[in-house]
Amino acid sequence: MLTFNGSFFMPSVFTLVGIPGLESVQCWIGIPFCAMYVIAVIGNSLILVIIKKENSLHIPMYIFLAMLAATDMALSTCILPKMLGIFWFHWPEISFDACLLQMWLIHSFQATESGILLAMALDRYVAICNPLRHATVFSQKLLTHLGVGVTMRAAILVLPTLLLIKCRLKRYQTTVISHSYCEHMAIVKLAAEDIRVNKIYGLFVAFAILGFDIIFITMSYVRIFITVFQLPQKEARVKAFNTCVAHICVFLPFYLLAFFSFFTHRFGSHIPPYVHILLSNLYLLVPPFLNPIVYGVKTKEIRRHVWKMFVSSPNS
């Protein structure tokens, strides 16, 4: 690694601080984070096993849930092992290329999760507003296209953020990242060069993915609520609404934490750094931890199969 006029030219290694201002208690913060990760892996693995094993669950709603569970496990695995290495074993160093790879994977899985949440909202919209066409619209072919599409959209749109850092930013003011994982703006802000292109493209990706998805999710639920409240029977209204409760409980925390983290990183200079870093960590760790719990509690079929797996005898 070369130094030039006090800056670092093409550094080979970055140093992750963890949570700035809370370094002395990071070892204790790692305990609940590790517990959340273990629960996320176990819970999402159970969902995948149950959906794969039970043919009755091979329908769009549960196929999307399986996609969400797989994405959640991948997302939390991208961040937590390295984070715990910082908190517990004082391993803050990460190579430049590994840092960029982690950044790309994290933001790609975030974008993929957003796309899956949009697909789940559209599934609920068609199931409630046009139930007779649901089986025709959400065919196996469409499900495959949606799964590939949201994954490719995420990977392709996020990839230029990596290339813009790799190809444009050669000199850095410091190699110390005040974060617990490699986040796009946390890396870009280290540069001793013009970063306007990087910031503009980062804003474009955020609004092109998260902004687009939340707009269409909101539009879907406006139509769903209009249709539900027009149903003549109270029991039918309650039943229809209950099919959406789990999805609402999943996407609201995801987008609230996403937008709060996004805007505080760019415009919240008055917010203490440790608050922002903690919220960024929770944004990545809470959805994978919360989603299997929500669907396990709110979805009768998942709850029944979990109970059957652990309680019922083989001959029952």
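Cβ coordinates come from backbone N, Cα and C, glycine included.
The transmembrane segment annotation in TrEMBL covers 28-51 (among others).
Feature annotation from TrEMBL assigns domain 'G-protein coupled receptors family 1 profile' to 43-295.
Residues annotated as transmembrane segment in TrEMBL: 63-89 (among others). Outside the transmembrane segment (63-89), and at least 6 residues removed from its termini, the chain residues within Cβ reach (under 8 Å) are 16-18, 26-27, 29-30, 33-34, 37, 40-41, 44-45, 47-48, 51-52, 102, 105-106, 109-110, 112-113, 116-117, 119-120, 123, 143, 147, 180-181, 250, 281, 284-285, 287-289, 291-292, 295.
Per TrEMBL, transmembrane segment is recorded for 101-122 (among others).
Taking Cβ pairs closer than 8 Å, the transmembrane segment (142-165) reaches residues 60, 63-64, 67, 100, 103-104, 107-112, 115-116, 118-119, 184, 187-188, 197-198, 201-202, 205, 208-209 in its own chain, all 6 or more past its ends. If you look up TrEMBL, you'll see 142-165 (among others) marked as transmembrane segment.
TrEMBL lists 200-222 (among others) with the feature transmembrane segment.
According to TrEMBL, the transmembrane segment annotation covers 243-263 (among others).
If you look up TrEMBL, you'll see 275-297 (among others) marked as transmembrane segment. With a cut-off of 8 Å between Cβ atoms, the residues of this chain six or more beyond the transmembrane segment (275-297) that come close are 19-20, 22, 33, 36-37, 39-40, 43-44, 46-47, 65, 68-69, 72-73, 75-76, 79-80, 83, 106, 110, 113, 178-181, 183, 246, 249-250, 253-254, 257-258, 260-261, 264-265, 268, 303, 306.
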* Range from 28-51, 200-222, 243-263 with the greatest count of C-beta pairs under 8 A to the transmembrane segment (101-122) -> 200-222
* Asked: What is the pLDDT of the domain 'G-protein coupled receptors family 1 profile' (43-295) when averaged and given as a whole number?
  -> 91
